[in-house]
Structures are given as structure tokens and as C-alpha cells.
Amino acid sequence: MIYYVIALFVIAIDQISKWLIVKNMELGTSIPIIDNVLYITSHRNRGAAWGILENKMWFFYIITVVFVVFIVFYMKKYAKTDKLLGISLGLILGGAMGNFIDRVFRQEVVDFIHVYIFSYNYPVFNIADSALCIGVVLIIIQTLLEGKKAKE
């Protein structure tokens with residue numbers, strides 16, 4: 001299915017970008033892309049966003065495996081007839097696997113996208129995180145649109 005190709009594409013872009021950061025930037029260094037808005041910053045994370053559950057790798061391993069099995073099952077069952085759901089789940093699967101690969105092989109996640117939103121210093125993130133968030137937002141939008149159609 002094309003949705004697995006989307007997941008593989010996310011994994012590839014995520015892992016290549018992280019490899020480039022690890023090979024070419026010292027930990028903690030930043031490259032400004034748009035001053036006061038967007039930076040490429042070499043950062044490592046041993047937990048989730050905002051340092052939640054730091055150094056609890058076993059927890060992330062278990063949760064990710066269960067989550068990936070659920071996503072694959074859900075894709076097989078429901079994505080055949082629903083393109084947007086399939087695309088969303090492909091993005092989520094790719095994002096989950098991208099960070100899982102880091103946790104297994106590096107015991108930490110490589111983050112590098114650093115943004116300031118209205119002067120708020122948002123936690124540094126990566127391509128996998130972005131794919132996960134975009135996938136979730138697409139599912140929320142789809143759910144809201146379907147709810148609106150059902151009311152009409």
C-alpha cells in the first residue's frame with residue numbers, strides 16, 4: 001500500500017536529516033535560518049517533549065511497539081477505503097518508527113528544528129515529530145469534518 005511508502009519516506013528523510021546533524025554539528029550549536037524564528041540546533045533528547053520521562057527508554061520501547069502494531073492493524077482494516085486516514089496513519093507510523101530507531105540505536109533522539117513562536121522558545125524537535133503531529137492533526141480535521149457531515 002502507498003501508505004507504507006509514506007511511512008518509509010518519513011523514516012528515510014528523518015534518519016538522513018539526523019545523520020547529517022550528528023555528523024556535521026557539535027551538540028548544542030545553532031545555525032540561524034530566520035533570526036528569532038527558526039534555527040537548526042543540534043540537540044539530544046532522552047525522553048519526550050519538554051524532557052518528560054527522561055531516561056525511561058524501556059517505557060518508550062514498549063509503548064512504541066504496541067502503538068506501531070495498533071497503527072498497522074488499523075491501516076489494514078480501515079485505510080483501504082479512506083485515503084486521508086491512510087495518509088495520516090502513514091505519517092504517524094513513519095514518525096513513530098523514526099524516533100524508535102534513534103532510541104534503539106542511539107539511546108536518545110536527535111532533535112534539530114528549533115523555533116520561536118511569538119517569542120516562545122518551543123522545544124527542539126525533528127522530522128519524525130513533525131510527521132506525527134501532522135498525521136494527528138489530519139485525523140482530527142477529518143473527524144471534525146465527518147462529524148459535521150453526519151449532523152447535516
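The backbone N, Cα and C atoms fix where each Cβ goes, and this holds for glycine too.
As annotated in Swiss-Prot, transmembrane segment covers the listed stretch 85-105 rather than the other ranges in 22-42, 85-105. With a cut-off of 8 Å between CB atoms and residues at least 6 apart in sequence, the same chain places A49, G95, N99, D111, I113 near D129 (active site), listed in sequence order.
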